[in-house]
Amino acid sequence: MAQAHRTPQPRAAPSQPRVFKLVLLGSGSVGKSSLALRYVKNDFKSILPTVGCAFFTKVVDVGATSLKLEIWDTAGQEKYHSVCHLYFRGANAALLVYDITRKDSFLKAQQWLKDLEEELHPGEVLVMLVGNKTDLSQEREVTFQEGKEFADSQKLLFMETSAKLNHQVSEVFNTVAQELLQRSDEEGQALRGDAAVALNKGPARQAKCCAH
């Protein structure tokens, strides 16, 4: 008896990851490149001078949703400062990185925040302040409390890390990823709500007028 042939069913195409752009800002030698390299490749190099901008990508899963983080690592040297502003455009999040052993880098991170605010609309970009090099805490010039108080005053996320020891590096990027997804979902719900209200109202009726 001939067996019935089953019609092959097309497989559902895997959903594409949702893409978010993340920029790393801060003075030279604070460890921006080291943080990105540690997170993306679990590698560490103490000296990674960036010329202009370096680019990394990583796909992460937040619950059932895949996110693709496009990580733009900007150069911290003053001569590249104006060029780095070009990478602000379209950014969803920014990490303001400073070296906890250098007070000047902490003050410079505050200037980077002002630059961001001048380029982008308030609330347009999610910002986290990151104090790097906790492995050198005996040489600390910026206390945890100083960083936390400034972050709180500006409504920023805040965390301290060590790219060298791989301390809280994944936590920094994963926290940002979770916040970005939550923001995106909330904005999507708000837009759908506005659209539903507009549909319920329907087109405005024009009043008829009679000519006498």
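Sequential numbering from 1, following the chain as shown.
Including glycine, each Cβ sits where the backbone N, Cα and C put it.
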Ranges 43-54, 55-66, 199-210: which does Swiss-Prot label motif 'Switch 1'?
43-54
Identify, in sequence order, the residues in the chain of A163 (GTP binding site) that are 6 or more apart from it along the sequence and have a CB within less than 8 Å of its CB; answer 'none' if there are none.
G31, S34, L35, L37, R38, F44, N132, K133, V169
Give me the Cα-Cα distance between S29 (phosphoserine) and D73 (Mg(2+) binding site), rounded to a whole Å.
12
Quick one: among the recorded positions S29, S33, which has the most Cβ atoms sitting within 10 Å of its own Cβ?
S33
Using C-alpha atoms only, work out the spacing between D73 (Mg(2+) binding site) and S33 (GTP binding site) and round it to an integer in Å.
6
